[in-house]
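Chemist: Annotation source TrEMBL lists active site, nucleophile at 357. If you look up TrEMBL, you'll see 360 marked as active site. Here TrEMBL flags 152, 154, 165, 215, 218, 250 as FAD binding site. Marked as disulfide bond by TrEMBL: 56-61, 357-360.
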């Protein structure tokens, strides 16, 4: 892969260098911090679109929830960091105020700030969400230590996995008139036959962007699976590592009839979108009122300092995607298209509850929420710029779940691009 990406003025080599030397080492360290390693998720929500295929019985599909005793006290206290109309009654307001004090913000606040929190809790910001959010108060919602449940190849594949991606592409994604994609593995012809013709005719920039985001996410997940593949078991212990043959099958130009490189370019495009979101949301976190609170003051300060350092790096990148080119038409048409965009993506986040492998579902939900949070940021630039320094704002707010998903989702993309460099070296050695 070389050269300039479509729909932006950035070249692949610049992204590789920037990610390798600036972003990747720091985002890895940030993901290891307590604030970002614990993610609360409901893996028992039923699939809303079709009868359950049954869960994956492979042992590597299993997710080990985190014992309550291991979760930092500040994170546990902020678990109900959720805002809705239901928060208008007094008990909910009290809970919400307490959650905000101990969640993503500093607990040492003035009375004026506390009153602002209550006012903020009354505001229903559900229209800003691009994802279907889990109910964190559900008894089925559990904290998961992401470091102990890494994303990797589990053996989950075939009709169930195909059905999820097919539903995303066919029903919930703007796409070219004909797109190269996996066909039904149950079809009588070759098990993983493919469409070849590809045309963007008649597809506007916004819809091209949407399709590329989903394709890029798909490519990134596939890269993770190729890079962390179950190679062999020795004395009953699994061995994980890069699988060049699997990587070639999914991305090689000949194996994929020219489509593999396009998928990888969409990965780079997705990286640029989330990179842009991080640079745009920096003012939200730069305020003194916002604290990555876990209960450990020293660790919290270090985590915020590292996060702000990453933000400075993202802002220093000179070839950002220009989101101002999107939704730039007449106000009525732009608003309608943006809403269509949001609803399509929200539906995709619901499809993640149809994934039969718990570990795949965990990382699918997290990365989808991370991308949804990035979109929410990009469409809230004015609200972010007008945030007051010492109190929350009605216009824009992130829950701890959104913050954790945003950082970890971008961390996965950063890892994907780093792993792609490793595969390039491995391929050179095999020639």
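Backbone N, Cα and C define each Cβ position, glycine as well.
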Chemist: Fewest neighbouring Cβ atoms within 10 Å: which of the binding-site residues 154, 215?
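Modeler: Candidates: the binding-site residues 154, 215. Fewest Cβ atoms within 10 Å: 154.
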Chemist: Max Cα distance spanning 152, 154, 165, 215, 218, 250 (FAD binders), Å?
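Modeler: Max span of the FAD binding residues, Cα based, is 21 Å.
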Chemist: Using Cβ-Cβ distances, find the residues under 8 Å from residue 218 (FAD binding site) that belong to the same chain and are at least 6 apart in sequence, listing them in sequence order.
Modeler: 165, 263
Chemist: Among the recorded positions 61, 357, point out the residue whose Cβ has the most other Cβ atoms within 10 Å, with all shown protein chains included in the count.
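Modeler: The residue with the densest Cβ neighbourhood is 357.
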Chemist: Could you give the Cα-Cα distance between residue 357 (active site, nucleophile) and residue 154 (FAD binding site), in whole Å?
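Modeler: Computed Cα spacing between residue 357 (active site, nucleophile) and residue 154 (FAD binding site) is 8 Å.
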Chemist: How far is it from residue 215 (FAD binding site) to residue 360 (active site), counting Cα to Cα, in Å?
Modeler: 17
Chemist: In whole Å, note down how far the CA of residue 61 (disulfide bond) lies from the CA of residue 152 (FAD binding site).
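Modeler: That separation, Cα to Cα, works out to 9 Å.
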Chemist: Between the Cα atoms of residue 61 (disulfide bond) and residue 250 (FAD binding site), what distance do you get, rounded to the nearest Å?
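Modeler: Each residue's Cα considered, residue 61 (disulfide bond) and residue 250 (FAD binding site) end up 21 Å apart.
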Chemist: For residue 250 (FAD binding site), what residues in its own chain, 6 or more apart in sequence, show a Cβ-Cβ distance under 8 Å?
Modeler: 222, 226, 256, 260, 263
